[in-house]
Amino acid sequence: IVLVTGAAGQIAYSLLYSIAKGDVFGKDQPIILLLLDIPPMLPVLDGVVMELQDCALPLLREVIPTAKEDVGFKDLDAAVLVGSMPRKEGMERKDLLKANVNIFKSQGAALEKYSKKTVKVLVVGNPANTNCLIAAKSAPSIPKENFSCLTRLDHNRARSQVAIRVGVPADNVKNVIIWGNHSSTQYPDVHHAKVNIQGSEVNVFDAVKDDSWLKGDFISTVQQRGAAVIKARKLSSAMSAAKAICDHMRDIWFGTPEGEFISMGVYSSGNSYGVPEDLIYSFPVVIKVWLMNFMNGSLYNISRGSFFRDIIFTLKDTVGVERLTAVSRY
């Protein structure tokens, strides 16, 4: 049983078909889809339901549109929380945080009351890190490691930029890292990335052969990609966000490939990078049979005054300030 919130929106429209046809939870796993949105969007949801029915997908057993949390959160195995309050013209970030605290506090409480304690929760709606933390705090009996937020889109953007630069398929690039927040303050890191060139794995700096690009335009392109899409489309990323959601949830369900780590916003407690406890923060993670682990802190010697330490401390301050603003309204 899978819930998608904001189900009448454009991300969900790109996402639901992939979930329903087995791209995420397996080609032999029957699916019941719960589609949650606000009451004014229920007529639109009826159209989405008709389209899903008309796809005649063999794994899709039932589609339930609703505006009620007691229906939408009942007995869930997975929840993809896409819906959130968008930032409107003239709105301060603190006002956006306040509005979303109310939404995700309510949804976290609904997870606590109605869902299975094994439910896996992915928060997509922005500000995703803070929304995820509020939802997790509102569902105290569900393990914190069951909550994550989406930085896979940024991860995929970083892979793709390197692949385009080198002239290889995107899946020939692995082990990029997104640190911090899902926002323009994130840090896309390729210092441990590898590129497969004609069957041999090569360090990304050797593959690209342009350190100034990797340390400059590459980083800013990934950080600002969402804004660039909005400028071009006049709409935010939808197809690529849906693909990233599928990648993220599939890795939670089936594990990460051997020798690879991926980026996820996860609960920071127990990390070995010096990031404070009680944050949702994007780290490199590996997943084996639903067990999620941080990549060991030995990836970097954080005791040294390196660029990495400076970045970690800057990002944790950014995420921490947002957390304090939201929790003060919790």
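Using N, Cα and C of the backbone, Cβ positions are placed for all residues, glycine too.
What TrEMBL annotates here:
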type     : residues                    : note
ACT_SITE : H182                        : active site, proton acceptor
BINDING  : D37, N100, V124, G125, N126 : NAD(+) binding site
BINDING  : R87, R93, N126, R157        : substrate binding site
DOMAIN   : 2-147                       : domain 'Lactate/malate dehydrogenase N-terminal'
DOMAIN   : 151-288                     : domain 'Lactate/malate dehydrogenase C-terminal'
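The structure, with features from TrEMBL marked on it.
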residue : record                       : contacts (Cβ under 8 Å, 6+ apart)
D37     : NAD(+) binding site          : T5, G6, A7, A8, G9, V44, L45, P65, A67, G83
V124    : NAD(+) binding site          : G6, I11, V80, L81, V82, S84, C149, L150, A241, I245
G125    : NAD(+) binding site          : T5, G6, L81, V82, G83, S84, M85, N100, I103, F104, N131
R157    : substrate binding site       : P188, T221, V222, R225, S240
H182    : active site, proton acceptor : N126, P127, A128, N129, C149, L150, T151, L153, D154, G265, S282
Span of the NAD(+) site, taken as the largest CA to CA distance across D37, N100, V124, G125, N126 (Å, rounded to a whole number)
16
Residue counts for the domain 'Lactate/malate dehydrogenase C-terminal' (151-288) under DSSP, helix then strand then coil, are 60 helix, 32 strand, 46 coil
Counting every protein chain shown, other Cβ atoms within 10 Å of the Cβ of N126 (NAD(+) binding site) number 21
Within the domain 'Lactate/malate dehydrogenase N-terminal' (2-147) only, compute the mean pLDDT.
94
Measure the Cβ-based neighbour count of N100 (NAD(+) binding site), defined as the other Cβ atoms within 10 Å of its Cβ.
23
Using DSSP, what's the helix, strand and coil tally for the domain 'Lactate/malate dehydrogenase N-terminal' (2-147)?
66 helix, 26 strand, 54 coil
